Amino acid sequence: MEDKLTVYVRHIERTLRVSAIALFLALSVWLLRDILLLLFSAVVIACVLRGASEAVRRVTHLGPYTSLISVILVTGLALGALLWWRGSAIFIQADEISQQLRTQLARIWSELQNSSWGSILGQQLQIAGKSLRTGLTGYVTGVVGSVLGIGGTLVVTAATAIFLAASPQLYLEGSLRLLPMAWRPRGREVYEELGATLRLWFLGQLVDMLIVGLLLGLGLLLIGSPLPLSLALLAALLNFVPYIGALAGAVPAILVALAQSPALAAWVALLFLTIQLLEGNVIAPWIQKRTVSLPPALTILSQTILGTLFGLIGLIVATPLIAVLLVAVRMIYVEGFLERESKQPA
């Protein structure tokens, strides 16, 4: 009787201990969620940089550090050349649109002042404007602080990614030393598979951006929108960020079309809406299924849930994060525990 009671007590103690550890880990992950998401973003960038530098190394036979530096320099020069090539044209169009909007607002304001109800409305707007200016100072200060914080975060993430890409074996071996000796070979296999998954995900993103850019460029060209290639290229680059990037890419194209005519702006808005619905619900899930074996429904759900919980950064890393989690569960739990246990003789 005492033996059974002792076993039962030990079982309860073990259950409570495991539950406490799991609760502590879950609470730690939640409290450190922003840092962990940024670290994961740096790991994704590092995997992409390392994959690109290895490809350059195989072709040019350069050293690992030289290949990595060349990839970073070529990427920076390409983005700079893109801004120099078409950025000025977009800024000129934006200035013209701003002038037209100011002219239209001045005309509307003048017409309002000439009517009785318009003058009353104008007085109320002036009173509201004074209150708005009072609160706007603090808001602008907060926005500036947020922008500086985002800039600092991007710098830290980029620097971390570069260091990880420069010496991946250093960090890989260090993390493997935390595992028991018998688990290290399997741990190395898991790490390699996770890195390959992240690189395939990024390749799928590039294909998705290319398809969206081609569809938008062709559509803008057919409906006669100004700067079709530049606006399509900008929208394709911004499409890297799900949902929000699509909106950010549509705004310049709609404003540029608005400078020509409201009807053209409506056609551009309809074009962007159609292509983004097609991309978000058909193209992107299909590509992710082909590249990282991620079910389409899981892609959409992960973006929705992580975007709601963690904001923009959660939305960006949702798909690669769920992809590596699926790989980890498959290799560690399914293959390493369930299938091995089922193969053992009864």
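Positions of Cβ are set from backbone N, Cα and C atoms, glycine also.
Sequence annotations record features per position, and here TrEMBL assigns transmembrane segment to 21-45 (among others). Proximity of distant same-chain residues to the transmembrane segment (21-45), defined by a Cβ-Cβ separation under 8 Å and at least 6 residues beyond the stretch ends, is recorded for 153, 156-158, 160-161, 164-165, 198, 201-202, 310, 313-314, 316-317, 320-321.
What TrEMBL records for 65-85 (among others) is transmembrane segment.
What TrEMBL records for 139-166 (among others) is transmembrane segment.
Long-range contacts of the transmembrane segment (200-224) within its own chain (CB-CB distance under 8 A, at least 6 residues past either end) are made by residues 44, 47-48, 51, 231-233, 235-237, 239-240, 253, 264, 267-268, 271-272, 275-276, 278-279, 283-284, 287-288, 290-292, 319-320, 323. Sequence annotations record features per position, and here TrEMBL assigns transmembrane segment to 200-224 (among others).
Among the features that TrEMBL reports, transmembrane segment is placed at 231-258 (among others). Residues 82, 86, 90, 93-94, 97, 205, 208-210, 212-214, 216-217, 220, 225, 264-265, 267-269, 272-273, 276, 279-280, 284, 303, 307, 312, 315-316, 318-319 of the same chain sit 6 or more residues outside the transmembrane segment (231-258) yet have a Cβ under 8 Å from a Cβ within it.
The annotation transmembrane segment is assigned in TrEMBL to 264-284 (among others).
Through the fold, the transmembrane segment (305-333) approaches residues 33-34, 37-38, 40-41, 44, 186, 189-190, 193-194, 197-198, 201-202, 240-244, 288, 292-294, 298-299 of its own chain, all at least 6 residues removed from its boundaries and within a Cβ separation under 8 Å. The annotation transmembrane segment is assigned in TrEMBL to 305-333 (among others).
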